Amino acid sequence: MSVATLSAPEKTRVIVGMSGGVDSSVSALLLLEQGYQVEGLFMKNWEEDDGTEYCTAKEDLADAQAVCDRIGIKLHTANFAAEYWDNVFEHFLAEYKAGRTPNPDILCNREIKFKAFLDYALMLGADLIATGHYVRRRDRDGRSELLKGLDPNKDQSYFLHAVGGEQLAKTLFPVGELEKPEVRAIAEKHSLATAKKKDSTGICFIGERRFSDFLKQYLPAQPGNIEAVDGEVIGRHHGLMYHTIGQRQGLGIGGLKDASDEPWYVLSKDLQRNVLIVGQGNDHPWLFSRALLASEIYWVNPVDLSAPLKLTAKVRYRQSDQACTLEQTSDGYRAVFEVPQRAVTPGQSVVFYDGEVCLGGGVIEQAEPWFEGRA
């Protein structure tokens, strides 16, 4: 059972990270009902240009304030834009510049929500923080474990894998025991302003604009050739950073002589030559990997890898658990899968599980092909 469901001492002060969404709104309400001293905090992590219509921060703040007014709690505001730029966004740009595909949400959780926000809340006198993430915390053997959320469609442990046990010990996850429809029902029952608000999608600082339009504001495009597996040049790309492994849309390839009607997919990036390598078919052999190498591993709690471990892993959000064997090598960590994995993407995260416990994860450095002969 999660500590978030236990009765709370009335003297425990909790500050809830209020995003202006339904999950954090209901989190604050549930904690209030459980007897905690509850306050909210809205964090601004991105400084948009004057007049922009992309960022929803103003609307989100208004929604968070409306919810806090409704349930009768104070709302603090904090600006972590400088920390976000230094610790999340610059890394995001560097990864794209290097031809990789990063996941800024994971860094944002580690550096902002469970570091900058946690530190700020403690400075305000909080005993604990809370968020609206769909995960659970279990305290066992003197340490706090990260468990999957009970709603398999909303479990967010993949995004929180880099948060340490010490930070988890100071955090409550009130909706981790619930399914999304239950959360919305609670919000509607209490007439919260966010009850029917759509879930946010995409990267927070990009909003609704096209990703390529956003990226070229910060990084110069480097056009190059698109090649088939046999080396034939069949097109041009605007920049490797705009493409990811397994991508189908936006390649601009079609009507080639002697080619089948099957769609084209990004198979690989040749960073040395600035070449995008593509092939036809959703199950093209080049799309599959039997193993991967990972670095920058963060464990929620220490893990003994003196011998290989049989675990499960996800190489992308909402993927089903994939059986693998993990071992530590001189180059980092190597995960070998029982079933070849499609579109293993350098820069993305691989996250490891032991049953419902999220152990941690790292950044995918390299995918190993599942057959001989691939470049």
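Glycine is treated like the rest: Cβ placed from N, Cα and C.
Taken from Swiss-Prot, the feature active site, nucleophile applies to Cys108, supported by sequence analysis. The active site, cysteine persulfide intermediate annotation in Swiss-Prot covers Cys204. According to Swiss-Prot, the ATP binding site annotation covers Gly17, Met18, Ser19, Gly20, Gly21, Val22, Asp23, Ser24, Met43, Gly132. Feature annotation from Swiss-Prot assigns disulfide bond to Cys108-Cys204; the stated evidence is sequence analysis. As annotated by Swiss-Prot, site 'Interaction with tRNA' applies to His133, Gln348, with the evidence given as sequence analysis.
Counting every protein chain shown, the number of other Cβ atoms lying within 10 Å of the Cβ of Gly21 (ATP binding site) is 20. For Gly17 (ATP binding site), the nearest neighbour among the recorded positions Cys108, His133, Gln348, judged by Cα separation, is His133. Taking Cα separation as the measure, Asp23 (ATP binding site) is nearest to His133 of the recorded positions Cys108, His133, Gln348. Rounded to a whole number, the distance between the Cα atoms of His133 (site 'Interaction with tRNA') and Ser19 (ATP binding site) is 11 Å. The recorded positions shown are Gly21, Met43, Cys108; of these, the one with its CA atom nearest the CA of His133 (site 'Interaction with tRNA') is Gly21.
A gap of 17 Å separates the Cα atoms of Cys108 (active site, nucleophile) and Gly21 (ATP binding site).
Neighbour density for Met43 (ATP binding site): within 10 A of its CB lie 23 other CB atoms from the protein chains shown. Its Cβ taken as reference, Gln348 (site 'Interaction with tRNA') is surrounded by 22 other Cβ atoms within 10 Å in the chains shown.
The two recorded residues, Met43 (ATP binding site) and Gln348 (site 'Interaction with tRNA'), show a Cα separation of 25 Å.
Neighbours of Asp23 (ATP binding site), defined as other CB atoms within 10 A of its CB across all chains, total 25. Once the Cα atoms of Gly17, Met18, Ser19, Gly20, Gly21, Val22, Asp23, Ser24, Met43, Gly132, the listed binders of ATP, are compared pairwise, the greatest separation found is 16 Å. Taking the Cα atom of each, Gly21 (ATP binding site) and Gln348 (site 'Interaction with tRNA') are about 26 angstrom apart. All protein chains included, Gly17 (ATP binding site) registers 25 other Cβ atoms within 10 Å of its own Cβ. Here the recorded positions are Ser19, His133; the one with the fewest Cβ atoms within 10 Å of its Cβ is Ser19.
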